[in-house]
Amino acid sequence: MGIQAAEISAILKEQIKNFGQEAEVAEVGRVLSVGDGIARVHGLDNVQAGEMVEFPGGIRGMALNLEIDNVGVVIFGSDRDIKEGDIVKRTKSIVDVPVGDALLGRVVDGLGNPLDGKGPIETTERSIADVKAPGIIPRKSVHEPMATGLKSVDAMIPIGRGQRELIIGDRQTGKTAVALDTILNQKAYNDAAGDDESKKLYCVYVAVGQKRSTVAQLVKKLEETGAIEYSIVVAATASDPAPMQFLAPYAATSMAEFFRDNGRHALIIYDDLSKQAVSYRQMSLLLRRPPGREAYPGDVFYLHSRLLERSAKLGDDHGNGSLTALPIIETQGGDVSAFIPTNVISITDGQIFLETELFYQGIRPAVNTGLSVSRVGSSAQTNAMKSVAGPVKLELAQYREMAAFAQFGSDLDAATQQLLNRGARLTELMKQPQYSPLTNAEIVCVIFAGTKGYLDKIPVGDVGRYEKGLLAHLRGKHKGLLDYITKEDPKIKGEAEDKIRAALDEFAATFA
């Protein structure tokens with residue numbers, strides 16, 4: 001078979017005609033050294049601080065240190081495949097993440113890549129991970145309640161939409177349990193809201209430096225209860241590199257801000273910020289930034305303040321949305337005066353202290369009501385809750401003070417004895433099993449029973465049984481009363497008080 005010269009020339013002409021002239025221009029640099037998740041790169045002269053750069057094999061990094069002769073880049077992934085002399089490209093974009101409704105029900109990493117095996121995330125909207133917090137003018141003071149479903153929190157340490165409330169305690173004191181119960185509690189409210197977005201609350205949970213098994217367990221619980229439908233889980237686990245653990249809270253806040261900025265309401269839980277500070281310290285020391293107190297860098301306060309300031313209640317002109325934050329901090333041996341705990345306490349609008357001592361006494365949630373405080377206070381409570389919850393905090397404070405003295409004296413006068421009896425029953429009443437949040441109306445009725453003397457004749461050991469029976473009685477025979485408290489939100493006096501008293505008297509007659 002002969003070679004067809006005409007055919008070959010035709011093919012060559014065709015190839016030459018269609019030859020693409022467009023050349024891709026990319027600013028590149030070369031890796032000088034790499035190790036411990038940090039790369040030193042030479043040649044990226046115009047790179048911006050916080051810009052995403054790309055290594056061979058699609059591995060991404062972020063430029064953090066801009067020095068005279070090189071750029072310090074933190075690597076979002078394994079640095080094993082990166083070697084000296086590799087080419088690094090600028091992407092010309094600051095680190096951003098996907099946002100939008102498509103993320104609801106998903107588990108993603110700190111860059112928004114899915115981890116749950118449910119396919120890609122169908123959204124075109126993206127947002128920069130580290131954006132500026134809203135200014136003073138767009139904000140409005142916090143006034144709507146954000147119900148946690150926990151009696152001790154909703155009654156004594158109320159949280160409002162747009163507030164930042166710190167959950168602080170040693171390891172194994174139930175910090176995550178409080179946060180998880182808050183997410184589960186929103187299911188009833190979200191289901192009842194229907195299409196009314198102003199009543200719904202979307203939840204974002206950020207796991208920083210936790211075990212993968214712990215995160216998997218949490219996701220399983222959310223799926224079982226159906227709470228995953230209105231939740232996003234962002235996971236940067238203990239096995240992820242430090243830069244991912246540093247970035248995850250910022251990325252998750254951008255996902256939550258999507259709801260805030262569209263006139264909706266969101267809740268974000270950072271579990272926990274101590275581990276984020278540790279990973280930031282690791283990165284800073286490896287980048288040779290000067291260390292400060294406890295070897296943390298000088299800007300570790302700013303690390304947390306710029307993150308938590310993004311949670312806000314926006315005013316009418318800006319869509320009325322809100323973002324509530326529940327940051328979690330783990331203390332060592334109950335030391336709340338360490339560097340990171342004091343920093344975050346000063347940034348937030350209050351804190352819930354959880355104590356090991358109370359936890360082992362069986363008081364769970366182990367909230368120390370004396371040290372816990374909400375700086376928004378009763379402006380974030382419903383009228384009904386406000387009118388019954390006032391006396392509880394005072395009575396428990398008096399009880400704690402008296403209980404300390406009562407250990408020394410045996411002959412106590414009747415008033416002191418009454419105070420101790422009431423306090424013991426209220427303490428018992430504040431206990432609550434995990435995964436069983438209560439509605440606002442149920443908490444109002446239970447606390448009313450506690451403060452108005454309905455428990456005074458009941459042995460302390462039977463308080464839990466009384467409460468269980470009372471809730472079953474209210475849900476079965478007095479659903480109308482619970483609906484009335486929920487919808488009308490009356491002050492508990494006059495007619496409303498009579499209705500609750502009638503229901504409690506009816507139950508008292510059957511309880512034995």
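Just so it is clear, glycine is given a Cβ too, placed from its N, Cα and C backbone atoms.
What Swiss-Prot annotates here:
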BINDING   G169, D170, R171, Q172, T173, G174, K175, T176  ATP binding site
SITE      S372  site 'Required for activity'
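It is R171, among the binding-site residues R171, K175, whose Cβ has the fewest other Cβ atoms within 10 Å in the structure shown. Looking only at the recorded positions Q172, T173, T176, S372, the densest Cβ neighbourhood within 10 Å occurs at T173. Residues within less than 8 Å, Cβ to Cβ, of G174 (ATP binding site) and separated from it by at least 6 positions along the same chain comprise L354, F359, R364, P365, A366, Q434. Scoring each of the binding-site residues (G169, D170) by how many neighbouring Cβ atoms lie within 10 Å, the top position goes to G169. Within 8 Å of the Cβ centroid of the ATP site, not counting the listed residues G169, D170, R171, Q172, T173, G174, K175, T176, the chain contributes E330, L354, T356, F359, A366.
According to DSSP, G169 (ATP binding site) sits within a strand segment.
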